[in-house]
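Report on the following structure.
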Amino acid sequence: MKKISLPKIGIRPVIDGRRMGVRESLEEQTMNMAKATAALLTEKLRHACGAAVECVISDTCIAGMAEAAACEEKFSSQNVGLTITVTPCWCYGSETIDMDPTRPKAIWGFNGTERPGAVYLAAALAAHSQKGIPAFSIYGHDVQDADDTSIPADVEEKLLRFARAGLAVASMKGKSYLSLGGVSMGIAGSIVDHNFFESWLGMKVQAVDMTELRRRIDQKIYDEAELEMALAWADKNFRYGEDENNKQYQRNAEQSRAVLRESLLMAMCIRDMMQGNSKLADIGRVEESLGYNAIAAGFQGQRHWTDQYPNGDTAEAILNSSFDWNGVREPFVVATENDSLNGVAMLMGHQLTGTAQVFADVRTYWSPEAIERVTGHKLDGLAEHGIIHLINSGSAALDGSCKQRDSEGNPTMKPHWEISQQEADACLAATEWCPAIHEYFRGGGYSSRFLTEGGVPFTMTRVNIIKGLGPVLQIAEGWSVELPKDVHDILNKRTNSTWPTTWFAPRLTGKGPFTDVYSVMANWGANHGVLTIGHVGADFITLASMLRIPVCMHNVEETKVYRPSAWAAHGMDIEGQDYRACQNYGPLYKR
């Protein structure tokens, strides 16, 4: 089957069409702006899969309707998913703009004095606003000389932020969310909302009963040679933690081996269901070999599967990580308990950064006073105002141990194309696999256990659906915190010492939901959240505005908030603007 091509960025150089001197004097400068923009984006960006980003430049500068139509025909044939219009001069506003209603679009008007690029920018944005097709404005802070071909830092920041978010929008469109199972333990996020996926993300939902996973395992609809490779890899790399179950619930070596085998099979089969596997066609399973074109998935597990079969912890942890028995590779997005809304936050984070995502329960707020009472330890540094215990039953990406290193030697989680095999091995070495707690998981399984290194910048996110309003996004930038080992042990054992932990300290602003750490916990909209490496809340805000998802909670500096220019016409408070604009324009794909 033909591989689906990746979305490209379209660059639209627009120009003053008056001949006999005006257009001729601007052709080279205008096209050079387009080429410089394309060079920047191809150098600085990659798709989440690691592939290079491609830009498509209009064959000619665009002065009016005819050239705009020719450009659109070219873009339509080359899978252009977002566009950037560039110009150093006056052009004819509504005659030259990109009119595709669902394609993210930005306009860079050169800040120069010789020709009025800013005037075109304002005129074109006015046309976008009047026609109900929002666009992003890019205008440099400082005047440049006409022959200055450099891209100022503030312009570069906006170009890259727009492009990252726009590529995420284009990459999600037309894909599916694989809902493997149904509602897990009444968790609202696993009540999968087809309208949300279709109208806001341009995605479909593929609903598959968990018996399909059972069928694939029982009928050997998988690559048996790969299973042996996976088992050998686990034998080499897995360190096992203590079994905290009562004696009558502990498994012998043969039973434990069977649980491990099925856990690895679950990972293989869920992966094959998401993306397909040509090797299944070789064994006569052509239909199954195609997969479901899923860019994200969720596995219900509890309780209809886990009361009888091994839980999804091992499968989900491996799939969400940037490596497995095949080496370093792009992480998958698989949501625990089929929490599709947390899955969407994971998907957004992965598309924006190319990194693995850490799925976690937002479990406990620990005040400084409570920690001192329980452990005798006084919190300081990043943790001085209290911390949130992010912990779940073992499905977090193993990258979350932060045993990878940035260029300065600091702990981090890298895009998968930058991860060495040694770093992958270090993450595995930092992880223990603990037998699942029988009270929770009667069918057994293994939960990964690691502790995230401290001092690492993270962004925690979550999508929620509010009746009468629609989807909203929550964002909390902060840092992981490292506690003294004895303090961690005391706190961790009060919850579950067989699961992975991140101690998280959000950055406080002193007002609203970020008045203090307690307020962050109190305002979090659900029981789950996602950690994405870095302080990337601004990218999430831009992406959300493209999809028309308002942000109900964030601690991003106001100067970094970047939304379409029309948002400014929806009031003077930027967060109120966001709600009114999203309501006014409605979901991007308006179903």
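Every residue gets a Cβ built from N, Cα and C, even glycine.
Marked as active site, proton acceptor by Swiss-Prot: Glu337 (among others). Long-range C-beta contacts of Glu337 (active site, proton acceptor), restricted to its own chain and to partners at least six residues apart, with a cutoff below 8 Å, comprise Ser184, Met185, Ile187, Gly189, Ser190, Gly298, Phe299, Gln300, Gly301, Gln302, His528.
All protein chains shown were included, and the count of other CB atoms within 10 Å of the CB of Asp361 (active site, proton acceptor) stands at 19. Feature annotation from Swiss-Prot assigns active site, proton acceptor to Asp361 (among others); the stated evidence is experimental evidence.
The feature Mn(2+) binding site is assigned by Swiss-Prot to Glu337, Asp361, His528, with experimental evidence given as support. Within 10 Å of the Cβ of His528 (Mn(2+) binding site) there are 24 other Cβ atoms, across all protein chains.
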Task: Where Glu337 (active site, proton acceptor) falls in three-state DSSP terms - done: coil
Open item on the list: I need the neighbours of the Mn(2+) site defined by Glu337, Asp361, His528. Which other residues of that chain put their C-beta within 8 angstroms of the C-beta centroid, in sequence order?
Closed with: Ile187, Gly189, Thr336, Asp339, Asn342, Phe359, Ala360, Asn392, Ala526, Asn527
